[in-house]
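Have a look at the structure below before the remarks.
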Amino acid sequence: DILAAFRVTPQPGVPPEEAGAAVAAESSTGTWTTVWTDGLTSLDRYKGRCYHIDAVPGEENQYICYVAYPLDLFEEGSVTNMFTSIVGNVSGFKALRALRLEDLRIPPAYVKTFQGPPHGIQVERDKLNKYGRPLLGCTIKPKLGLSAKNYGRAVYECLRGGLDFTKDDENVNSQPFMRWRDRFLFCAEALYKAQAETGEIKGHYLNATAGNCDEMIKRAVFARELGVPIVMHDYLTGGFTANTTLSNYCRDNGLLLHIHRAMHAVIDRQKNHGMHFRVLAKALRMSGGDHIHSGTVVGKLEGGRNITLGFVDLLRDDFIEKDRTRGIYFTQDWVSLPGVLPVASGGIHVWHMPALVEIFGDDSVLQFGGGTLGHPWGNAPGAVANRVVLEACVQARNEGRDLAREGXDIXREATKWSPELAAACEVWKEITFTFEEVDKLDY
């Protein structure tokens, strides 16, 4: 069975048992009345069952309801169908004040019907020939308004300075100021020029997201013809059907696939309604993507450390034990489905590097947009600063130093041989994002 953990807030006067049963019925075989066609099938074989209910500590009228769904309710290899069944209609139920899908357990038999990420972590490292450290990226800013030529110039400067990747922002598609074909051409030119000068393999996430699947695939085909290593998709606004289509194309044609989670907070930010990001992360691993944005813990976006590390493990590891202290409600076995690299991006700069390396480890992408392009000396020095402090942190960690405790000292020591890093450290020494988390663990 597929197991689901729902956070249920019933309307006043509705007992939790009734609310849980209603959720199970509405998201499987039930409707609001008995119908004569019920007798034409075996409802016991197909209906969802609410098998356990826990009260949420500290909340007066919230419950975690566990529901089991028989596998025959779902089309093989379709995240679209899975979500249509489990959360397609039930969240608007009048008997519920709010409903949030906290977690899913996907059984191995169903996991095996998905191809998952186009390539996975190890294959990506082999393609890039980069090992033993996190990968470095940068989102080109301003996100909208640059001409294709100026955009390509910024890409070149960042890659030449030492970054592994640069990135289209999520809302860069094909606007009047920069049509997609022009952007692809100038970025490919920048990428090859930077590769020739540095001797390293470089990439730029060319956003193939479009208004329809045919146009999306046309853009991916053009990227492949240019010989670039990676394309990008906004998987929530684009939809799971489009995402799986693009993932299959990338797998067949040797392209890596970077995934942006634009629109996720509309779905996952409220604590009592919607769907937690760990569910969206699991769905992405099934649908297909080699990278996905996961929050930073230390930057400008919402996400506590334990919760974030919980779904980072769900993205990367093959077997993840149940651990409510990290928000993981079920043990998940991915039966060797390739892993996804988490991307830490959003309001991070050189002073965050020790914490990011300590939190995310080597199998991650650390992406500094303003933290590269905001350098007072320019884009290339910003990239140099990030590469120097990253390599200093990795070396210090490998020597046995404690990044959490000695991180600031490690960065200061590295400034002695990098004036670019010294300038970056001075500019961002007082920039912090300290706000209370909205989504906290109950346990």
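Cβ coordinates are placed from backbone N, Cα and C, and glycine is handled just like the others.
The candidate list His52, His204, His293 contains one residue that Swiss-Prot assigns to the substrate site with Asn89, Thr139, Lys143, Arg261, Ser345, namely His293. Across the residues the record lists as binding substrate (Asn89, Thr139, Lys143, Arg261, His293, Ser345), the two Cα atoms farthest apart are 36 Å from each other. Within 10 Å of Lys167 (Mg(2+) binding site), judged by CA to CA distance, lie the following binding-site residues from the set Asn89, Thr139, Arg261, His293, Ser345: Thr139. Its Cβ placed at the centre, Asp169 (Mg(2+) binding site) has 18 other Cβ atoms within 10 Å. Proximity to Arg261 (substrate binding site), defined by a C-alpha to C-alpha distance within 10 angstroms, is shown by the following recorded positions from Lys141, Asp169, Glu170: Glu170. Lys141 (active site, proton acceptor) has Asp169 nearby among the recorded positions Asn89, Asp169, Glu170, His260, His293, Ser345, counting only those with a Cα within 10 angstroms of its own Cα. Between Lys143 (substrate binding site) and Glu170 (Mg(2+) binding site), the C-alpha separation comes to 8 Å.
In sequence order, the recorded positions near Asp169 (Mg(2+) binding site) (Cα within 10 Å of its Cα) are Thr139, His260, drawn from Asn89, Thr139, His260, His293.
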